[in-house]
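Presented below is the structure to which this report refers.
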Amino acid sequence: MAAQCVTKVELNVSCNNLLDADVTSKSDPLCVLFLNTSGHQWYEVERTERIKNSLNPKFSKTFVIDYYFEVVQKLKFGIYDIDNKTIELSDDDFLGECEVTLGQIVSSKKLTRPLVLKNGKPAGKGSITISAEEIKDNRVVLFEMEARKLDNKDLFGKSDPYLEFHKQTSDGHWLMVHRTEVIKNNLNPMWKPFKISLNSLCYGDMDKTIKVECYDYDNDGSHDLIGTFQTTMTKLKEASRSSPVEYECINEKKRQKKKSYKNSGVISVKHCEITVECTFLDYIMGGCQLNFTVGVDFTGSNGDPSSPDSLHYISPNGVNEYLTAIWSVGLVIQDYDADKMFPAFGFGAQVPPQWQVSHEFPMNFNPSNPYCNGIQGIVEAYRTCLPQIRLYGPTNFSPIINHVARFAAAATQQQTASQYFVLLIITDGVITDLDETRQAIVNAAKLPMSIIIVGVGGADFSAMEFLDGDGGSLRAPSGEVAIRDIVQFVPFRQFQNAPKEALAQCVLAEIPQQVVGYFNTYKLLPPKNPAVK
């Protein structure tokens, strides 16, 4: 029997007194959460943001986990000093880790442990604190904020201000829950609109005190406090564009030193609105279908399928990396598609009878009906197709992305959150049409669509990591920025010794938030939502 999710738990992470791995400055730490479902293999679930030049980081990005009462959920929090832009952690300095169960965290509510090395021995210094909160509320607060006449903290140029929001815990401590972007060189900044869950902001209590701090960002990590104010949601929600709610930004040290001190600037809340966001399960249970499409790389670099060295070689027990990826992801996602008919395409091969190179040919060779019956149908189409084509090239992604995008665009005519499209591309190597693919992804980001790329074999996948917008927004050659991150890339080699479900859990981890993010952005409700009627 499948485990029933009792509730969702939000984990907030901070560290103290970390090892200093950088010679000329302090470490730039981030926290990686790993999960263990099988007993031996750990797989990565999510990462916090990287905090520059800090040995005592407080991460604003939280981890949200389904809490299962009847399952021992093993978690590992790894702390790394990040000095480059690659996704791999092997080339970053490891500062220590902490293994713990979710049950231990929730029963403690706040757990502090010393960091240990991979061999289990103490890291020498550094501790991690994990705070747990149950998420009971899907209300979010939308903010528009600006400031004027902020103090200038910089000798050359002007301050680079950003805001931090803090809520007060039951024991009186302040916990940071949101950090805005930095506005460079500006004493009258206008921050981008942002949202914070009401639970994160004030536990859903409209009269709970909220502290807002304004800082001047410094590259060396020694951010200067410009000033602070305290308020409540009751006061904040009075704000409107015609009548903003304004707060004096007060620096207590300056006020005590200077009798004539008035303030360090004024922070203006132009808009503060509470709205309810549907959850992923609200959409799924409300009738949203996930449409799954597979794209398989049949380029020559895979090697002759009849040779055991080929990535397309099917072993005597009937598997290869392509088939494993199809099974792993497909078995999870098929439950969210009512008819279980999945289109499957190949690209980069010469196809009969003309032997022209195609980058979106149906693996069942039926252009009018490229659908396969279930995941088994995709596997059978792949096996049947392989001996009938000639592996060729180049490795072009954009045709198949644009193909699925056309269906996603048609679905937007329905005005409800009725369909979402997930494209799985399995590839062995370096992408050829990078500019066209970047443009295709930027276009697809405006549609109900996500792209999963699984890299098989041992090739250099740096271009794929570039498409996965985790390090910042992807741009089209035109300069247009993707409005959301829709690409998830993982190299298959990370999962070669993992249980079969680990790959799917990793690549599908971001899908729920991408689904919710899209439908919330366009204010689309589930088809069966009572509010629609």
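Glycine too: its Cβ is placed from the backbone N, Cα and C atoms.
Since we're looking at a predicted model, the values are computed, not measured.
If you look up Swiss-Prot, you'll see D22, D81, D83, D93 marked as Ca(2+) 2 binding site, on the strength of sequence analysis. Within 10 Å of the Cβ of D81 (Ca(2+) 2 binding site) there are 19 other Cβ atoms, across all protein chains.
Under DSSP, D83 (Ca(2+) 2 binding site) is assigned to coil, being neither helix nor strand in the three-state scheme. In the structure as shown, the Cβ atom of D83 (Ca(2+) 2 binding site) sits within 10 Å of 14 other Cβ atoms. Per Swiss-Prot, the feature Ca(2+) 1 binding site maps to D22, D28, D81, D83; the stated evidence is sequence analysis.
What Swiss-Prot lists as Ca(2+) 3 binding site is D154, D160, D216, D218. DSSP assigns D216 (Ca(2+) 3 binding site) to a strand. Residues near D216 (Ca(2+) 3 binding site) in space but far in sequence (CB under 8 A, at least 6 apart, same chain), listed by position: K153, D154, S159, D160, P161, H223, D224, I226.
For D154, D216, D218, D224, the entry in Swiss-Prot reads Ca(2+) 4 binding site, with the evidence type sequence analysis.
Counting residues per DSSP class in helix, strand and coil order gives 7 helix, 52 strand, 56 coil for the domain 'C2 1' (1-115). Taken from Swiss-Prot, the feature domain 'C2 1' applies to 1-115, supported by sequence analysis.
Taken from Swiss-Prot, the feature domain 'C2 2' applies to 124-247, supported by sequence analysis.
Here Swiss-Prot flags 291-513 as domain 'VWFA', drawing on sequence analysis.
On its own chain, S14 (phosphoserine) has N56, P57, K58, F59, I128, T129 as residues at least 6 apart in sequence with a Cβ closer than 8 Å to its own Cβ. Summarising the annotation, Swiss-Prot assigns phosphoserine to S14 (among others) and lists similarity to another entry as the type of evidence.
In the three-state DSSP scheme, S197 (phosphoserine) is classed as strand. The phosphoserine annotation in Swiss-Prot covers S197 (among others) and is backed by a large-scale study or a structure entry.
Per Swiss-Prot, the feature phosphoserine maps to S243 (among others). Note on S243 (phosphoserine): other Cβ atoms within 10 Å of its Cβ, all shown chains, come to 9. In the three-state DSSP classification, S243 (phosphoserine) falls within coil.
Within 10 Å of D81 (Ca(2+) 2 binding site), judged by CA to CA distance, lie the following recorded positions from the set D28, S197, S243: D28. D154 (Ca(2+) 3 binding site) has a Cβ environment of 14 other Cβ atoms inside 10 Å. Taking the mean position of the Cβ atoms of D154, D160, D216, D218 as the Ca(2+) 3 site, the remaining residues of that chain whose Cβ falls within 8 Å of it are K153, S159, P161, Y217, H223, D224. You'll find the Cα of S197 (phosphoserine) roughly 24 Å from the Cα of S243 (phosphoserine).
Counting other Cβ atoms within 10 Å of each Cβ, the lowest count among the binding-site residues D28, D160, D224 belongs to D224.
The predicted model assigns the domain 'VWFA' (291-513) a mean pLDDT of 91. Put simply, D218 is the one of the binding-site residues D28, D83, D218 whose Cα lies nearest to the Cα of S243 (phosphoserine). Within 10 Å of the C-beta atom of D93 (Ca(2+) 2 binding site) sit 17 other C-beta atoms, taking all shown protein chains into account.
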